[in-house]
Amino acid sequence: MSSMNPEYDYLFKLLLIGDSGVGKSCLLLRFADDTYTESYISTIGVDFKIRTIELDGKTIKLQIWDTAGQERFRTITSSYYRGAHGIIVVYDVTDQGSFNNVKQWLQEIDRYASENVNKLLVGNKCDLTTKKVVDYTTAKEFADSLGIPFLETSAKNATNVEQSFMTMAAEIKKRMGPGATAGGAEKSNVKIQSTPVKQSGGGCC
């Protein structure tokens, strides 16, 4: 085997975006490490994890970037939209405001990401059924009107977390077609480590 061949057939760069506290980091932890913590600390700037999956007999390396949802980091994260193959917009099903802000996040995607980037809408914390305020049908109809897939997830119970990332990978692979080369993602020398900062308030479910 030639040493030029990478260990994967595709490399997809994915972004997790959405308001602070909706559970983006918990979704990433569940998918990449299969762990969950009630008292997760706020992501500062950008952090990423890598997981390799198998899909239709192909090996796909997912580089998943977890971006801070705080307003003050909007300018930092704008550069991370570039080169992304897929973007997962996350809201909290117990927080109407986070769902209302999805439109704003979609505007960010239109402004900064490549035109044909794949999108996925995720309503997290679906295990909190008694606190749920965003109806599944409402969110599904909204996603359908935009032509993007929608799933409700629970990072706590691992509900649909795997499915969300696999759906995104399958959509990107379908769009790129059989002629796509391994890699695809832009090479970047920027390395930003997230620094733990204690966050007052509840966990991220």
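Just so you know, glycine gets a Cβ as well, placed from its N, Cα and C.
As stated in Swiss-Prot, the feature motif 'Switch 2' covers range 66-83 out of the listed 66-83, 174-191. Of the given residue ranges 34-48, 49-63, 94-108, 124-138, Swiss-Prot assigns the label motif 'Switch 1' to 34-48. Shown in sequence order, E7, Y8, Y10, L11, F12, I50, R51, T52 are the residues of the chain, 6+ apart in sequence, with a C-beta less than 8 angstroms from the C-beta of K61 (ubiquitin cross-link). Of the recorded residues, K49 (ubiquitin cross-link) and S20 (GTP binding site) place their C-alpha atoms 19 Å from one another. With a 10 A radius on its CB, K49 (ubiquitin cross-link) counts 15 other CB atoms from all the protein chains. With the fewest other Cβ atoms inside 10 Å of its Cβ, the least crowded of the binding-site residues S25, K125, A155 in this structure is S25. Following the DSSP three-state reduction, the secondary structure of S25 (GTP binding site) is helix.
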